[in-house]
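Here's the structure, in structure tokens; my notes come after.
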Amino acid sequence: MDLYLPIAGLSVNALVIVALGLGVGVLSGMFGVGGGFLTTPLLIFYGIPPAVAVASSATQITGASVSGVMAHMQRGGVDVKMGWVLVAGGAVGSVAGGYAFAALQASGQIDTVVAVLYVVLLGSIGLLMAKEALGAVLAVRRGTAPSAPERRHHPLVAVLPFRWRFNRSGLYISPLAPFLLGLGTGVLTVLLGVGGGFVLVPAMIYGLRMSTRTVVGTSLFQILFVTAATTMVHALTTQAVDIVLAVLLLIGSVTGAQLGAGFAMRIKPEYLRLALAFMVLTVALRMLLGLTWRPAELYSVQPL
Amino acid sequence: MRRIVWLLLAAPLLTAQDKPRLVPDVSQRQIDIVYSFTGAELLLFGAILYPGGRVPERDADIAVVVKGPAEGLVVREKRKIAGVWLNAESARFRSAPAFYAVAASKPLDRLVDARTAAIYEIGVDNLQLSPASGETPEAQRRFERGLVDLKRRSGLYREEPGAVEISEGVLYRARIAIPARVPTGSYTAETFLIRDGRVLAGATKRIVIDKSGFERFTAAAAQSHAFLYGLAAVAVSLLLGWAGGAVARRR
């Protein structure tokens, strides 16, 4: 079923895009990640112009996180105060990222920077997750309970001034820490078309030492608003948001997320985390090879 | 009555021409891109009018060139720097056609000499791309080759020798495929009558390729009402996400 994408300016097989959304949706339902780190590279691989892939993937993540945020809200799993601080940082970050995107596009280095960021972020987080998940799997096998990490925030977080109380998360820290964290993920959302959950969640657990009960809900809350802001930034600057592409992806991912959530119930969480780590590392490795192997196309064309 | 008078007045002008003339036409003057657009096929046809209606013994050849709007662009070349493939050098071109296709009744190298080919831009290697940055001629050629090769493989530049049929020496027809990724804009279809490597006559037709209906509306909204378009994209995304969640909770 061929469908013409009005902004991307090409015709795609709609079923392939819906299937892609479905696959990513299943994964996001299983692992609780947005899946932008898979959607964007796969769309580019399919032939969608990179700017359109990044922008439309951000739009899709907004929709994909709605039901999650609502579910966590009802359960009290969202620290709204923390969430707004993160969103404020994310909004500033997405505007800054918009300028960075335009500057990198003009200098022709956007693809390299995107690939390097993917390799560094996914590589390091994948390794951390693999190590942690492997430890948990082995601990369960041996029958010893994994030792609970001590709950003290990172020394860098502790030195920041103006402390606020975040009751839901059980924290008394400076709002600057989550603000800067939000800012960083906001930049990533604009540049990479990812929600940033795979950066936010570990940073909130290991950096801020937030209570795990609110981590996922609050990160989804931030992702919802920041991807919405990113859609606006892309709509206003690169004009690369393809609404048809986003809708196709959403149809798949919304359905897939429900299926994935069902699968997740039946698999042990530590194996789930190990599988996610493996997947993240695979994407990182593929990107690394793309940087170092002789590319299929030595030349690229960009309109003036 | 008046029409006849005009014809009589005009007749000497028509018959006095000792050169042949082309009367070209195209199957579609307007190609609309709608949701189901997967490319189109353009039929270019017409007649060769010889003075006095005498068809010469030796057949002439026809070349048809379809050209898209000219655009300025940057071509970048990747090079391995410190183990990583980076965009290193770049070259600017002021007027590369967004689309270019040539069909002819003979292989191009047997049709015209290099000079004529360059003047009339017949053949993808004869495009006047107007390089705008001061590279050495070798570097310029390298970038030109890179650009043409890339566009050729994406189907935006094509050469179809032998795709023009000439019947009875006076009627010609050619089919040119328009790919789905075709850029929108105003196109020209030029027809050349060629004999002994010289262009005897030429004629031009205009074709407009534009998005239509919902596609046109969306593309226009994204450009001229960027803020509202962004809001609409966010709203649609929120709505679909919410509806998906609601359906799942019902079950």
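Cβ coordinates are placed from backbone N, Cα and C, and glycine is handled just like the others.
The transmembrane segment annotation in TrEMBL covers A:12-31, A:43-62, A:82-101, A:113-130, A:179-203, A:215-237, A:243-264, A:271-293.
Taking Cβ pairs closer than 8 Å, the transmembrane segment (A:179-203) reaches residues 32-34, 36-37, 39-40, 53-58, 61, 65, 85-98, 100-101, 104, 113-114, 117-118, 121-122, 125, 128-129, 215-216, 219-220, 222-223, 226-227, 229-230, 233-234, 280 in its own chain, all 6 or more past its ends. Annotation: stretch A:215-237 has the most Cβ pairs under 8 Å to the transmembrane segment (A:82-101), among A:12-31, A:215-237, A:271-293. Counting only same-chain residues 6+ beyond the ends of the transmembrane segment (A:113-130), those with a CB under 8 A from a CB of the stretch are 37, 41, 50, 54, 104, 188, 191-192, 198-199, 202, 273-274, 276-278, 280-281, 283-285, 287-288, 290-291.
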